[in-house]
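Trainee: Take a look at the following structure, please.
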Amino acid sequence: MKTIVLLFVLALVFCTLEMGIVEAGFGCPFNQGQCHKHCQSIRRRGGYCDGFLKQRCVCYRK
């Protein structure tokens with residue numbers, strides 16, 4: 001049971017570290033393509049608008 005909990009916590013931490021959050025908008029909420037292009041410009045795979053009223057640009061890694 002302890003190993004399952006430990007693996008779950010490690011997976012949760014790993015998934016959290018895989019996302020880079022950009023707070024300044026970068027086109028969100030009206031231009032998700034601009035957010036995606038911004039994320040690619042900082043060597044991420046892409047991005048999308050997220051958060052309250054889609055005002056935050058979230059980048060995902062390669």
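Heads up, the Cβ atoms here are built off N, Cα and C, so glycines get one too.
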Trainee: Which of these links to CYS28 by a disulfide bond in Swiss-Prot: CYS15, CYS49?
Mentor: CYS49
Trainee: Considering the candidates CYS35, CYS39, which is the cysteine that Swiss-Prot reports in a disulfide bond with CYS59?
Mentor: CYS39
Trainee: Need the DSSP three-state call for CYS28 (disulfide bond) to compare against my parser.
Mentor: coil
